[in-house]
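According to TrEMBL, the features are:
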type: ACT_SITE; residues: Cys341; note: active site, proton donor
type: DOMAIN; residues: 18-368; note: domain 'Orn/DAP/Arg decarboxylase 2 C-terminal'
type: DOMAIN; residues: 31-272; note: domain 'Orn/DAP/Arg decarboxylase 2 N-terminal'
type: MOD_RES; residues: Lys48; note: N6-(pyridoxal phosphate)lysine
Amino acid sequence: MFTQDTIERFKELETPFYYYDTEVLRSTLNACRDASSKYGFHVHYAMKANFNPAVVDAIQSYGFGADCVSGGEVRYAIEHGFDKSKVVFAGVGKSDKEINEALDAAIFCFNVESVQELEIINELAAARGKVAGVAIRINPNVDAHTHHFITTGLDENKFGVNTWQLNDVVAALRKSANLKFLGIHFHIGSQITDMEVYKSLCIRINEMQDWFEDHGFQIKVLNTGGGLGVDYHNPDSNGIADFESYFAVFKKFLNVKPGQEVHFELGRAMVAQCASLISRVLYVKMGQKKNFLVLDAGMTELIRPMLYQAYHQIENLSRTTGAEDQETNSHLHYDVVGPICESTDCFRKDVELPVSQRGDLIAVRTAGAYGEVMASNYNLRERAPSVYA
Ligand SMILES: *Cc1c(COP(=O)(O)O)cnc(C)c1O
């Protein structure tokens, strides 16, 4: 929801830009902290969702850890004050250089995705006279019931170790003097709103930890990954992810033994609602079959709709000033598209909006996660700046 003052402020600014609402960010982080801390759960922020410095600094100030998927993110997390004992490093393709840097930074844990990676981390740690903390990322074959482009926990996905490879994993762990086994790690997908999925995950985690204990390995860390979804359809009336239900599922179904820590890696749920992409209508093309609103923002600013058919709420801020306007203003259907030379550069088809004109301000909502971080210079476009509330 944008106040009239905010919209007036937008009118003075060049578009497109990302608008960050720090109030929304803070209330989300408060909700996440309150819901997790009552069970003593540890939350790591999945840095890849948004590494805007103001966002990252706010998250760090709450004492959350950092979940990184590249050497660059590990470095960035430490530069931004995250405690290295709360930095974890996942990724199916960690390079030797990235592993060495993370060893030198003495991060808490590598979430290891293959037997070969275990062997390489052991070798590199030995060469530096270090011991690396490791957790095994297991592919639990749990269907996240989310879009197949963002599912990661099925046998057919590239991530993690499949259960039939676990004998090789324990064999590698037994002969690796420079690895310290910390526990097991999972991450089954993103934008998950069905809590039954997490219940299924808990059941698999319980089985897996029993398996490791039967093979003589003590588990200190149960890392359940992330993936909690947000409401892209109702950013104002349902603006905070359901952290309460989410953590309660793990409290209820995860078999946590004395001395064990439960870790989470949340990205989207922490940052999605705090930002909108603000742009202007450049041209209105009225056709016989279709009408188009051509915006000054496109897939170079926000690629989610084009990359994985993601839904975003689209609002004309210049035309929605009050309830009575909704009734008197007539509406039309538009395909809302960007200026990029690609047919897929469309935010959404058949969007019902008040009759719109060149110069109108358009907000694409819930753009805080996997938005600005995926921006590119394709077509030699300039990077859209960030504006803060
Ligand atoms: C991306 C990612 C996350 C965060 O996912 P969200 O859906 O943004 O919560 C957590 N863990 C790992 C390993 C990831 O790659």
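Every residue, even glycine, has its Cβ placed from backbone N, Cα and C.
For the domain 'Orn/DAP/Arg decarboxylase 2 C-terminal' (18-368), the predicted model reports an average pLDDT of 95. Note on Cys341 (active site, proton donor): other Cβ atoms within 10 Å of its Cβ, all shown chains, come to 9. Sequence-distant contacts of Lys48 (N6-(pyridoxal phosphate)lysine), defined by Cβ-Cβ distance under 8 angstroms and a gap of at least six in the same chain, are Cys68, Val69, Ser70, Glu73, Gly267, Tyr370, Val373. Classification of the residue listed as 'N6-(pyridoxal phosphate)lysine' by DSSP places it within a helix.
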